[in-house]
Structure formats: C-alpha cells, structure tokens
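Undergrad: One structure coming up, written as structure tokens, with questions to follow.
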Amino acid sequence: MTAIETKRIGSITQIIGPVLDAKFPPGQMPNIYNALIVKAKNEAGEDLSVTCEVQQLLGDNQVRAVAMSATDGLMRGLEILDTGAPLSVPVGEITLGRIFNVLGEPVDGLGDVVAKTKSPIHRNSPTFIELDTKLSIFETGIKVVDLLAPYRRGGKIGLFGGAGVGKTVLIMELINNIAKAHGGVSVFGGVGERTREGNDLYMEMKESKVINEENLSSSKVALVYGQMNEPPGARMRVGLTALTMAEYFRDVNNQDVLLFIDNIFRFVQAGSEVSALLGRMPSAVGYQPTLSREMGTLQERITSTKQGSITSIQAVYVPADDLTDPAPATTFAHLDATTVLSRNLAAKGIYPAVDPLDSTSTMLQPWIVGEEHYGTAQRVKQTLQRYKELQDIIAILGLDELSEEDRLVVARARKIERFLSQPFFVAEVFTGSPGKYVSLADSIKGFTMILNGELDSLPEQAFYLVGNIEEAIAKAATLKE
C-alpha cells in the first residue's frame with residue numbers, strides 16, 4: 001500500500017444497522033458520495049468486504065456513511081479505506097444479458113465482467129442546450145396504452161397500482177414488445193422487489209430470447225437488482241446504477257434506451273429507512289425531508305438529448321391505494337404519462353387491467369397524435385364515462401329502465417371495455433392464448449367501428465382477449481356456430 005493510500009485510512013467508531021461512522025486523520029476527510037471500503041473477517045474466518053457511501057461530514061474528523069451490503073461481522077476499530085471517488089459500475093455492451101448488483105458486480109454466476117469503461121453512479125443531469133424537445137409517440141403494441149394514454153419517446157411513464165394487479169407482467173410485455181418491434185436496448189432496475197419475481201423475469205427473458213444465452217452480447221437487456229432482502233443503502237442506489245448503464249447507451253452509443261424501474265416507491269422507502277438513522281427529522285407520514293430532492297436528482301437524468309433518448313417506465317406501488325401519499329404524489333410531478341391499473345378491472349378478468357379513465361398522457365393532443373386518434377380516444381372515454389354514471393341506476397333499477405339511447409351506450413361501452421383487454425406474449429404460459437401486438441392504426445380502426453355501431457350485432461364476449469378487430473369478428477362467427 002502506498003503512502004498516499006495509508007493516509008486515507010480511517011477507523012470505524014460506531015455502527016447502527018446499515019449506517020456507520022468513521023474517523024479519519026485531520027485534513028484527510030473523504031468527500032460526500034465517496035465510496036469507502038471495509039475489509040474484515042467474520043467469525044468463520046471468511047473475508048468480508050463492505051462498500052459504504054459517505055452521506056454526511058459530522059465534524060471532529062468524522063463521517064457518516066451508508067453500507068451497500070450487510071454490516072454483520074463489522075466492529076468498531078476496523079480500518080476503513082477511502083477510495084477517493086464515487087461508486088463506479090461497468091457500462092457498455094458487456095452489460096447486456098447479465099445481472100448486476102448495486103456495486104456493478106455480476107450476480108448471475110456467469111463469471112466476472114471485464115469492463116473497458118466504468119462510470120460513476122453520481123453525475124449531473126444533461127444541461128438545457130443538450131436536451132432534445134421534439135415530441136413523438138412511442139408505440140407499444142398494447143391497445144389501451146397506445147389509444148388512450150400514449151407514451152412519449154424519451155418521456156417518463158408511471159405504472160400505478162396496488163399489490164397484485166399486474167404491474168410486473170405489463171413491464172415484461174413492454175420489454176418484449178420494444179425488443180421485437182423497435183430493436184431497442186433495455187435496462188431493468190429491480191429496486192426493492194421480490195427476489196422470486198426477479199428470478200422469474202430473468203427466466204422469462206431467457207425463454208423469449210430477450211436474453212440470448214448462446215451469445216450474451218446480442219441480448220436486448222441488462223438487469224440490475226437490489227431486492228427486498230438487501231440493506232436500504234443498496235435499494236437506495238440501485239436505481240442510479242441502472243440509470244448510469246442506460247446513460248452510456250444513450251450518450252456514447254447514441255441509442256434509444258428503455259429504462260424500467262420496478263419499483264420507484266421502494267427507492268423512496270429505502271431513503272426513508274436510512275433518513276432517520278442519518279439523524280434527519282422525518283417529514284410528512286414519516287418520509288425523509290429530502291424526498292423531493294432525491295426524486296428530482298434521479299428523474300432529471302432520465303431524458304432525451306441530441307445523442308439519443310431514455311424512455312423510462314416506472315412501476316409505482318401506491319401504499320394502501322392512496323394516491324395522495326407523499327411518495328406517489330412526488331413521483332406524479334415528473335411524469336409525462338400515467339398508466340393506472342385498476343383492481344376492479346382485474347377482478348372482472350380484464351387484463352391488462354389499465355383504467356381507461358384514470359390513465360392520462362400529455363401526448364394526447366390533436367396537434368401531436370392527429371385529429372382521428374384524438375377524436376376516437378375522446379369518444380371512447382365519453383362512452384365509458386357515461387356507462388360509469390349509469391351503473392348505479394342499472395344496479396338499482398336494472399337495464400330495462402334505461403332509455404333506448406342509454407342502453408345502446410351501455411352495450412357499446414361493455415364491448416369497448418372487453419376490447420381493451422389483450423392477450424400478452426409473456427402471459428401465454430398462463431392463459432394458453434398466443435400474444436398479440438396491435439398497431440396503433442388497427443386500434444383506432446377497431447374502436448371507431450364499435451363507436452359507429454358497425455358491430456352492434458356481435459356478442460360482447462367476442463371482443464374479450466383478442467388482438468385487432470378482425471379477430472373479434474372471426475371470434476363472433478365461431479361463437480355463433
């Protein structure tokens with residue numbers, strides 16, 4: 001060890017769960033966000049290496065840092081080394097088809113990653129002059145999304161929903177469709193979700209050839225996991241690790257990248273777990289007082305530049321289905337489109353359970369999507385809204401008490417509701433029906449035909465779980481037989 005490195009060694013003075021304090025020699029203090037490394041041996045004599053990130057300078061030559069892995073086996077007095085730089089992770093094609101942890105170490109058992117380039121996970125967002133401002137739609141092949149709440153290329157999209165309404169399945173379908181239809185690269189950040197789901201996603205991707213086991217570099221996705229069992233430090237930073245990998249594809253390879261974050265709420269939750277240990281006074285509902293800043297720092301780096309774009313799709317767990325909770329409310333401020341998943345639709349068996357009236361998009365404007373698309377979407381929403389208003393009357397008095405006109409609205413609304421469902425490629429295993437990719441033009445055509453009354457004679461079950469309108473007509477013919 002050189003003389004310079006010797007100077008940068010401190011010692012641990014206190015450990016409180018995932019947070020530890022260390023004392024350094026005068027004038028040798030590490031900077032905020034520097035990575036510190038503790039090397040030790042546990043009781044079994046195995047080597048331990050714990051990486052921490054400096055969060056606070058406490059005075060009296062002490063710093064407070066958050067550990068990225070478990071602090072079991074560490075004790076006071078152990079040496080701690082200042083690396084002199086923030087955490088850096090591998091970037092580039094070498095990351096495709098692999099699973100990394102927050103430190104950029106592969107955790108898939110396929111050997112080490114020898115990266116030509118590493119990037120620090122903390123960096124500034126692009127400057128104003130680097131940003132690209134042109135508006136264009138990102139077609140997903142999912143009817144309800146493309147028609148009613150279209151995604152913006154280089155935008156941020158929130159997937160809102162409680163537990164078990166299908167957020168992760170929708171994300172898997174999007175990765176699949178984007179890889180097949182756009183040939184784009186995706187980066188998936190698993191932030192504080194179930195390890196089983198992470199494993200299922202990986203296996204699913206291998207089966208659908210999104211990850212190519214024979215030739216990993218031709219894979220379409222890099223995975224970064226910091227799951228529920230990880231300490232809060234890892235869950236707080238794993239989103240930045242995934243974002244750093246996505247930024248390289250955008251800035252250096254000039255690609256359009258999809259960044260999935262599942263789940264952005266867990267990023268906030270991890271921040272709130274360490275906030276109190278860092279000595280900060282809690283804010284509303286016990287969240288960290290720095291909530292807006294932490295969210296803004298992450299979100300402002302996700303954007304389109306002159307080089308390429310990062311389109312981000314973020315699953316947002318809504319605690320107790322309360323959209324006014326500070327975590328989802330802070331996330332809302334950054335989004336271009338919201339896809340809200342509804343428990344009522346899931347209970348009816350309509351998948352994807354996207355709520356057509358609650359989901360919104362800033363892209364649904366006639367001068368962006370065109371008059372035909374805008375007009376069809378508005379008519380679909382009006383029909384569904386009228387049906388919603390009539391539901392109380394139907395529940396109390398029955399359908400027969402409605403006027404002829406309202407009965408027609410209800411019949412068409414029920415067809416629209418069913419036609420908004422769609423078989424997914426990634427759900428073929430469960431449903432047995434092959435997945436369908438529906439182009440935007442086909443979606444508009446189908447809904448226009450229903451609204452114009454051209455299909456009033458068909459039974460409503462013909463519209464359930466089909467792709468385009470031709471399939472619904474064919475299904476109606478087989479139902480008659």
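Any Cβ shown, glycine's included, is placed from N, Cα and C.
Annotation comment: Swiss-Prot describes Gly161, Gly162, Ala163, Gly164, Val165, Gly166, Lys167, Thr168 as ATP binding site, evidence class sequence analysis.
Situate these features within the shown structure.
TA: Taking Cβ-Cβ distances under 8 Å and a sequence gap of 6 or more within the same chain, the neighbours of Val165 (ATP binding site) are Leu341, Ser342, Arg343, Ala346, Ala353.
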Undergrad: Beyond Gly161, Gly162, Ala163, Gly164, Val165, Gly166, Lys167, Thr168, what residues of that chain have CB atoms within 8 A of the centre of the ATP site's CB atoms?
TA: Tyr317, Leu341, Ala346
Undergrad: Among the binding-site residues listed here (Gly161, Gly162, Gly164, Gly166), identify the one with the smallest other-Cβ count within 10 Å.
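TA: Each of the binding-site residues Gly161, Gly162, Gly164, Gly166 was scored; lowest Cβ tally within 10 Å is Gly164.
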Undergrad: Give me the long-range Cβ neighbours of Thr168 (ATP binding site): same chain, 6+ apart, Cβ under 8 Å, in sequence order.
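TA: Within the chain, Thr168 (ATP binding site) has Cβ neighbours under 8 Å at Glu193, Glu197, Leu201, Asp262, Ala315.
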